[in-house]
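Scroll down for the structure; my scribbles are underneath it.
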Amino acid sequence: MIEDLLTADCAVAEAFDDSAAVALFPQEAALMEGRVARRRRQFATGRSCARRALGRLGVPPAPLLPGPGGAPVWPQGVVGSITHCDGYLAAAVAPARAVAAVGIDAEPALPLPEGVLSLVAGPEEQEALSAFGTEGAAACRDRLLFSAKEAVYKAWYPRARRWSALREIRVVLDPGGTFTARPPARGPAGAAQHDYSGRWLVRSGLLLAAVLEPAPAGHPSRLFRLSS
Ligand SMILES: CC(C)(COP(=O)(O)OP(=O)(O)OC[C@H]1O[C@@H](n2cnc3c(N)ncnc32)[C@H](O)[C@@H]1OP(=O)(O)O)[C@@H](O)C(=O)NCCC(=O)NCCS
C-alpha cells in the first residue's frame, strides 16, 4: 500500500502482521533485550521490511542500528523510513542521489484519543480540520493530520538532527489525498524553511502518510504532481 504514496525512486516492503520469526543481527538483538514482546516483534519485522526494501536497491543485509533520536542509520548513500502499527509494518528506502529524505507513517484509521489533537495542532490547523468534513476518510481527520506530521518529522529529523514538537510542523491537508507541510527551519534561526509535499490514504482500516523530498539534482519526471 505504501508504494501508492511514493515515487518509483523508492523501494518498499511491508507486512500486515508481526508474527513471523525474524533473524536479527546480534547488535540489533542486544537492543531489544528486556523490551516487551510487542516492541521486539515490531522492531524485528520493521528490520525485516527494511532489509527486503534495501535488497531491492541491491544493498546486502547488515545491522540497521538506531542513531541519535531513534532514527535508523541507513547504509551510506541510502535514505529511508520505517513505520509500525497494529496490522501494518513497512519500510521505504531510496538512493540518496535521487531522494534527499523520505518519511512514512501508519496509524489505525480511527480518531485520535480525546485531548491529543490540541497537543499536536495549533488553532488554525484545528479550524482547518472542521472544513475537511466528517464523511469517509475524514472521519479520522485528526489522526490523519497527526500521521502527516509524524511522516514529516521522520523525513526532517535525520537532516535537522534536533527534536521538534509536532505542533511546530504546520500541515495543510487536501481531501484529495495530498498535503503540504512546513517543518521548523533545519538550520539556525533565520535559515530558510523547506516545505514538503506528501500523500495520504485511508484503506482497509489503516491510515498511511508519506512525504518525500527530492534530491536537489533529482529526477523531475518522478516528482509528486500535486496538481494532477
Ligand atoms: C519518532 C516518532 C516520529 C515515531 O513515530 P511513531 O508513530 O511513534 O512510531 P512508528 O512506528 O510510526 O515509527 C517508529 C520508527 O520511526 C523511526 N524513528 C524513530 N525516531 C526517529 C527519528 N527521530 N527520525 C526519523 N525516524 C525515526 C524508527 O525507525 C522507528 O522504528 P524502530 O525504532 O523500530 O526502528 C515519534 O515518536 C515522535 O517522536 N514524534 C515527534 C515528536 C513529538 O512531538 N512527539 C509527541 C507526539 S504526541
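Cβ atoms here come from the backbone N, Cα and C positions, even for glycine.
Quick caveat, the model's predicted, so the values are computed rather than measured.
Now, the feature entries from TrEMBL:
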- R39, R47, T83, H84, D105, E150, K154: CoA binding site (BINDING)
- D105, A106, E107: Mg(2+) binding site (BINDING)
- 28-94: domain '4'-phosphopantetheinyl transferase N-terminal' (DOMAIN)
- 101-182: domain '4'-phosphopantetheinyl transferase' (DOMAIN)
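Here the features listed in TrEMBL are painted onto the structure.
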{"residue": "R39", "record": "CoA binding site", "contacts (Cβ under 8 Å, 6+ apart)": "M32"}
{"residue": "R47", "record": "CoA binding site", "contacts (Cβ under 8 Å, 6+ apart)": "V22, L24, E28, L64"}
{"residue": "T83", "record": "CoA binding site", "contacts (Cβ under 8 Å, 6+ apart)": "G46, L89, A90, A91, I104, D105, A106, K154"}
{"residue": "H84", "record": "CoA binding site", "contacts (Cβ under 8 Å, 6+ apart)": "D18, Q42, T45, G46, A90, A106"}
{"residue": "E107", "record": "Mg(2+) binding site", "contacts (Cβ under 8 Å, 6+ apart)": "C85, R143, F146, S147, E150, L206, L207, L208"}
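This prediction places the mean pLDDT of the domain '4'-phosphopantetheinyl transferase N-terminal' (28-94) at 97. Among the binding-site residues R47, E107, E150, K154, the residues whose Cβ lies under 6 Å from any atom of ligand 1 are, in sequence order, E150, K154. Sparsest Cβ environment among the binding-site residues D105, E150 (other Cβ atoms counted within 10 Å): E150. The number of other CB atoms found within 10 A of the CB of A106 (Mg(2+) binding site), across every protein chain shown, is 25. Here CoA is bound by R39, R47, T83, H84, D105, E150, K154 per the record. The longest Cα to Cα distance in that group is 19 Å.
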